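Annotated features, as they stand in Swiss-Prot:
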- THR233, ALA234, GLU235, GLU287, SER387: L-serine binding site (BINDING)
- ARG264, ARG265, GLU266, GLU351, ILE352, SER353, SER354: ATP binding site (BINDING)
Amino acid sequence: MIDIKLIRQDPDFVKDALKKRGEDTDIIDEILKIDSEWRSVTTELNELRAKRNDISKNVAKLKKEGKSSEANALIEEGKRIGEEIKSLEEKEKELQSKLRDLLLRVPNIPHESVPVGSDESQNVEVRRWGEPRKFDFAPLAHWDLGPAWGLMDFDRASKLSGSRFTVMYGKLARLERALINFMLDVHTREHGYTEVWVPHLVKRETITITGQLPKFEEELYLTEKDDLFLIPTAEVPLVALHSGEILEEKDLPKKYVAYTPCYRREAGSYGKDVRGMIRQHQFDKVELVWITTPERSFDDLEQLVRDAETILQRLGLPYRVVSLCTGDLGFASAKTYDIEVWLPSYNAYKEISSCSNVTDFQARRGNMRYRRRSDGKLTLVHTLNGSGIAVGRTLVAILENYQQPDGSVKVPEALVPYTGFEVIP
């Protein structure tokens, strides 16, 4: 949630930021209208409360002086003012609710370093690592390799749960688990993250903090009886861990890592990546979250990206890093880098990690602050998040990039201690 003060002071700046995102700016005028009404009602309320207090003092004084009739007249006026206050309090509450709902629907302001563009075609490549492999045979897609071994089963997954689910057996199931453990070990032992085990079901207010609600409810799985949401990413519980808390600057940054399954309805992706494991309703991911200070958050974002890149480098998978343009930024993000791994089946780079600085957008929603060492002032933290990395897509990248002419796949050297085998099947 962006600061209402910014909208009041410089609405044109906010509108320009929304235009760069390709968003409608009418909501800013609506916010200013409701905000003006709310402030007017608040001013009137304060005046009436002050008047009621004066009446109470005067009633006591008049009673002391034995002026009962005058005191009774003031009491009646006080009752009338009390009714006005009650009515205005209800109106104030209603306007506050409307204002918050509107503010929750405004995306974050893109950072000045973000390239301006309308869609992903205008994202800017930052760097590449590794070279896509040149095959001297016709490589197979993962959706052909896995089923041919009898280790990847889309048909039975569909029988169990419908489309966009996968069942894996034997060595592929073990490879998935090996990747999770490998990623967690690198991030905790080498990068200094604290591993966290989090709930996979969260409250409505929790998932509002990270920005999925209220705008994207149709993309989430909801257990209606309990009004709990299945998490679309571990970012949700990790960021909200410190909601409503005051942290000390000496304890920042906090760096958390968590493995969870993630659940997404993919409501807006009909017809995209329909084959294989690239776009699933349920997938495994290792998530990285930083809680840091405004002064260092953009430097921390660069480190977060490097931490995610390390995984791909250790696995020997070619990738590139791109800076998302304004029109492709996520709702809560001020700046995002995508890491895209090379997939031979697409003859293209495909997203495997998205790393974002959300600035104080989530902190304002969740009232997450820290006490500055210099002056003791309470300030909103900045939050960062990134995939460290998507497990299923990493498995896919290994199968496709490490396949051999005989239809087998070599396991990357870094994973052999985790798998206990060097070749699949």
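Note that Cβ sites are derived from N, Cα and C of the backbone, with glycine treated the same way.
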Using a 10 angstroms cut-off on Cβ to Cβ distances, just flag whichever of THR233, SER353, SER387 is the loneliest among these binding-site residues.
THR233
Are there residues of the same chain, six or more positions away from ARG264 (ATP binding site), whose CB falls under 8 angstroms from its CB, and which are they?
GLU219, LEU220, TYR221, PRO232, HIS281
Looking only at Cβ atoms, how many others are within 10 Å of the one on ARG265 (ATP binding site)?
17
In angstrom units, rounded to an integer, how far apart are the Cα atoms of ILE352 (ATP binding site) and GLU287 (L-serine binding site)?
12
Of the binding-site residues THR233, GLU235, GLU287, which one sits closest to GLU266 (ATP binding site) when you measure Cα to Cα?
THR233
Rounded to an integer, what is the Cα-Cα distance in Å between GLU235 (L-serine binding site) and ARG265 (ATP binding site)?
17
Over all pairs within THR233, ALA234, GLU235, GLU287, SER387, the annotated L-serine binders, what is the largest Cα to Cα distance, rounded to whole Å?
9
So how many other Cβ atoms are close to GLU287 (L-serine binding site), meaning within 10 Å of its Cβ?
28
At the level of the C-alpha atoms, what whole-angstrom distance separates ARG265 (ATP binding site) and THR233 (L-serine binding site)?
12
To the nearest whole angstrom, what is the C-alpha distance linking GLU351 (ATP binding site) and GLU287 (L-serine binding site)?
15
For the C-alpha pair, I'd like the distance in angstrom between ALA234 (L-serine binding site) and SER354 (ATP binding site), rounded off.
13
Check GLU235 (L-serine binding site) against DSSP and tell me helix, strand or coil, would you?
helix
Tell me whether ARG264 (ATP binding site) sits in a helix, a strand or coil according to DSSP.
coil
Which chain neighbours of the L-serine site, leaving out THR233, ALA234, GLU235, GLU287, SER387, have a Cβ atom within 8 Å of the mean position of the site's Cβ atoms?
VAL236, LEU238, ALA258, THR260, CYS262, LYS285, VAL286, LEU288, VAL289, ASN385, GLY386
